[in-house]
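**Q** Dumping the structure here so I can ask a few things about it.
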Amino acid sequence: MAASVVKASKCSRRGSTKELAKNPAKNASDSSNKANWNWGLLLATVFLITFATRFYKVTEPDHICWDETHFGKMGSWYINRTFFFDVHPPLGKMLIGLSGYLTGYNGKFAFEKPGDKYNETRYQGMRYFCTTLGALIMPMGFDTVYDLTRSHEAAILSAAYLVFDVGLLTLNQYILLDPILLFFMMASIWGMVKISKATADGASYGLRWWAWLFFTGTMLACTISVKFVGLFVVLLVGLHTATELWLILGDLEKPIWETAKQVACRAVTLIIWPVFLYTVFFYIHLSVLNRSGNGDGFYSSAFQSRLIGNSLYNASMPRDVAYGSVVTIKNHKTGGGYLHSHFHLYPKGVGARQQQITTYTHKDENNKFVIKPHNKQKVPKDKLQLLKHGDLIRLEHLMTKRNLHSHAEPSAMTKKHHQVTGYGENGIGDVNDVWRVMVVGGKINETVHTVTSRLRFIHMVQNCALTSSGKQLPKWGFEQQEVSCNPNIRDKNSQWNIEDNEHKLLPSVSFSIYAPGFFARFLESHAVMLQGNAGLKPKEGEVTSRPWQWPINYKVGIVLSLLRPIVFSLLAFQGQYFSGSQYRIYLLGNPVIWWSNLIFLGLFVVVFMYNAVVQQRRDGLAEAQALVLAQESRRSPCPAQSEDSEPSTTDVCSCCPTPPSPQKPEPEAPRQPSRSLQAAAWLFVGWVLHYLPFWAMGRVLYFHHYFPALIFNSMLTGRCDEWMCLFRRSTFFFPPHRHHLQLHHPAPAQVDPARPARRSPLRSGLQLRRLLATGLWDDRPDGQRAELHDAQAQVAAHLGVLV
C-alpha cells in the first residue's frame, strides 16, 4: 500500500529546535533562582524590621510592668527552688527563670507590685529572652504563608500585619508568658506546613521529613506546656494531619500499607513524643521546686510531705487522733483549703453577727482547732481517749476559743445551706456546737487516722454536713472561701482529713510513709491547675473583657480626634494598662489592622461559600456532560475503519504542537485564585479554634487572650489580599476560555468566514442566565453554539437549570 506523504512546509520556529528543547528547563531554573532570591531578600527584610522594632528601648521602663510581677517572681522561685502554685503549666516560667539565671540574675528581687524600680537587678536578660522569641514569630509567619500560597505578596502582607501591630509589639517586650506561647504556637504551625510540603514533594521518610515531624511534635509539647490554651493548636495540627492521612488513604495509586506507615510515623512523632516531653517538663518542674513555699496549701497533705521545709516533710506525728489533739482540718477536694477562723464577724445583714468560719489555702496559726468531747469542758491530761467513727465532738478554735457552730440561718453565699460560725466564750457554747464524726466507708469503733481517714462532720441539730462550697467571699471575708452546712450530707465537698496532729500522749510515726510518687503528684498538679484555672475571678477594679469586644478593640480608653474644623470623633477601644507611672504603656491593637482583619475575614467566608457553590455546580455539569457524551456515542457510533484504508498525515510541521483531539478534551486547569483556598481555610479554622472557645469559658478573660487568634487572622488577611490582586490580573468571575462547556458534537456546523460575527441579544441573555445559575460562561462562536445548544440543554435539564 502506498502512503500519501505531504512535504512539510518550512516553519519560522524550526531553526531553533535545540533552543526550544533547552529553554524550558533553563527558564524554569532561572525563574526558581529568582523566586528563591526574592524570598531570601524579603525574609531578611522582615527579620531586620522585626528585630529593630522589638528591641527598640526594650529595657525601658526600668520598673515592673503589669504581669511581670507574677512571672518575674515565679522565675525567681525557680532559681531559689521554692514551690508555688500557678494555674499554668511550668515550661514558660522555667524558661524565664533559666534565662535570668544564665544572664546573672540571682533570684532575690521581690517583684512585689507594678511600678517598683528594678534598680541594680539584672532583669534585662529575661526581657531580651521573651522579646527574642516574640520577634521570631514574624519571620515564621512570613515563611508559613509563603509555603501555603507560593505568593510573595501574601507572605509580605501577612508579615507586615504582624510586624506593625503595636499590640503584638507591646506584648512581646516584657517578661510574660505570651511571647513564649505565641512563639511555640507559630513554630507548631510552621512545622505543620513544612510536613505537608515535604509529603507533597514525595520526600516522605526522608531525613528532612523526619526532622520536621519531630520538630513539630516538640513545638506542640512546648506550646501546651506553657499554657493550656496550647491545646487549640494541638487540635488544629491533629485535624490537619487527619485530613492528610484521609487523602493518602483515598489515593488508589498507593497501597494501604502506605497509609498504615504514615499513621504509625505521625503517631510516634506527633502524639507519643509530645506526651513524653510534656511529662519530662513536669518531672523537671517537680524536681527543681522541692522547697516549701506559699502554694503548699493548694495541694494534698501527702503531696506536701515531699517539700523540704514543710511541716509534713520528714515529720513525726501521731498516726491516731485522740481527744485533746490540736489539729488542722483540710478539705479533701482538689485544691481544698484549711478550716479557718479569725476574730472578725459576719457583717450586718449576713446571717447572725458571729465569728467568721472560712477555708484558707495557706498555712496559718488560725487553722488550728482542738478536739473536745461534746459533754465535757476539759479533756483529762493523763487519760488517752482515741477519736472513733460516730463520736460526738466539739471543735474549739485554738486562737479565739470559740466553737464551730451552725444554726438555721442561710449561708452568706449559698442560701440553700446553713450558716457556719464561731460561737461561745472560752469554749462554752450551746447544743448547736455538737458535731458527729463520720469516717467515709468507716465501721463502728474504727479509729480516725491522720491524713488517710476521710471524714464528714454532721451537725447534730440541723442534720447537715460541714462543707466548703468553693465560693469566694467578698472583701469582708478577705476573699477566702465560704464554709457552710449542706443538707445534702453526701456532697463530695463535705469530705475532710486531719493534716497536722499534736498530742503529747500519742506515739509519733514518720510521715514519709504517706509520700506519693511522681505520677501521683503529676496527676494531682493537673487537677489543682485545672480547678484553679476554672475558678479565676476578677479582682476589684481590674479591667476585664468579653470575647465579642476583642476583634473590634472595643470598650476601654477614649480617643479624641483633633480635627476640630471637621468633627470630633469618639471611639472606644479595648486594651490593658501595662504601666501607669511616668511611662504610660497601654496594650492596644492597631485599629487599622484589626478592623481590616475583620473585613478580610468576612471576605474569605463569602469567597469560600461562592467557591463551594460553583464547585458543586461544576461537578454536576461534569457528571452530566459524561452522561450526554455516552448517549451521543450510542446514537452515533463511529464507523469501523477498513483494512484497505491508508493513513494520512496532516500538513503541519513536526515542531508545531498537534491540536488536541476533539473527542478527548484536555482537563481543565485549576483557577489561579482558588489554588490555595484550602490553605486559607486552614488559617480560618485556626482563628476559629483560638477564638470561639473563649465564648464558652466561665473564668475571667482579658484582652491579651485574643492575640493567638489575631496571628491566624493576619495570615488569612495576607492570603485574601493576594486574591484581590489576582482579581485585577485575571478573570475570577468571568473566565473566558477555561470554563466553557466542552461538549463536542459529532457534526459541527460550517460557519461562513465572510459573514460578520454577531452576538444575538437573546443568546446573550441565555448566557447571562447560565452564568448566574452555574457560574460558567460560554464564548463559542454563534454557529457552534447553535449546534451545541440542544446538548447543553440536556445537561442543564439534568441539573434543573433553565437555559
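Even glycines carry a Cβ here, placed using N, Cα and C.
Take a look at what TrEMBL says about it:
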| type | residues | note |
| --- | --- | --- |
| DOMAIN | 318-374 | domain 'MIR' |
| DOMAIN | 384-440 | domain 'MIR' |
| DOMAIN | 445-501 | domain 'MIR' |
| REGION | 637-672 | region 'Disordered' |
| TRANSMEM | 37-56 | transmembrane segment |
| TRANSMEM | 125-142 | transmembrane segment |
| TRANSMEM | 176-193 | transmembrane segment |
| TRANSMEM | 205-222 | transmembrane segment |
| TRANSMEM | 229-250 | transmembrane segment |
| TRANSMEM | 270-289 | transmembrane segment |
| TRANSMEM | 593-613 | transmembrane segment |
| TRANSMEM | 679-697 | transmembrane segment |
**Q** Could you give me three numbers for the domain 'MIR' (445-501), the DSSP helix, strand and coil residue counts?
**A** 6 helix, 27 strand, 24 coil
**Q** Take the C-beta pairs under 8 A between the transmembrane segment (679-697) and each of 37-56, 176-193, 205-222, 593-613. Which stretch has the highest count?
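**A** It is 593-613 that shares the most Cβ pairs under 8 Å with the transmembrane segment (679-697).
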**Q** Can you work out which residues elsewhere in the same chain, 6+ from the ends of the transmembrane segment (205-222), have a Cβ less than 8 Å from its Cβ atoms?
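**A** Residues 91, 184, 187-188, 191-192, 194-195, 198-199, 230, 233-234, 237, 261, 265-266, 269-271, 273-278, 281.
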**Q** Taking residues 6+ outside the transmembrane segment (125-142), which of them lie with a CB under 8 Å of any CB in it?
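**A** That would be 42-43, 46-47, 50-51, 54-55, 58-59, 72, 75, 95-96, 99-100, 102-105, 155-156, 158-159, 162-163, 168, 171-176, 178-180, 182-183, 186-187, 189-190, 711, 714-715.
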**Q** By Cβ distance under 8 Å, which residues at least 6 away from the ends of the transmembrane segment (270-289) in the same chain are close to it?
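**A** Tertiary neighbours of the transmembrane segment (270-289) are 77-78, 81-84, 89-91, 94, 213-214, 216-218, 220-222, 224-225, 234, 237-238, 241, 518, 521-522, 525.
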**Q** Per DSSP, how many helix, strand and coil residues does the domain 'MIR' (384-440) have?
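**A** Per-class counts: 3 helix, 29 strand, 25 coil.
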**Q** Please report, as numbers and ranges, the same-chain residues at least 6 past the borders of the transmembrane segment (176-193) whose CB is under 8 Å from any CB of it.
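**A** Contacts with the transmembrane segment (176-193): 66-68, 71, 88, 91-93, 95-96, 130-131, 133-134, 136-137, 140-141, 143-144, 147-148, 212-213, 215-216, 219-220, 222-223, 226-227, 229-230, 233-234, 236-237, 240-241, 686, 704, 707-708, 711.
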**Q** For the domain 'MIR' (318-374), jot down how many residues DSSP puts in helix, in strand and in coil.
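**A** Each residue of the domain 'MIR' (318-374) counted once, the result is 3 helix, 29 strand, 25 coil.
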**Q** What average pLDDT does the predicted model assign to the domain 'MIR' (445-501)?
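**A** Across the residues of the domain 'MIR' (445-501) the model's pLDDT averages 92 on the 0 to 100 scale.
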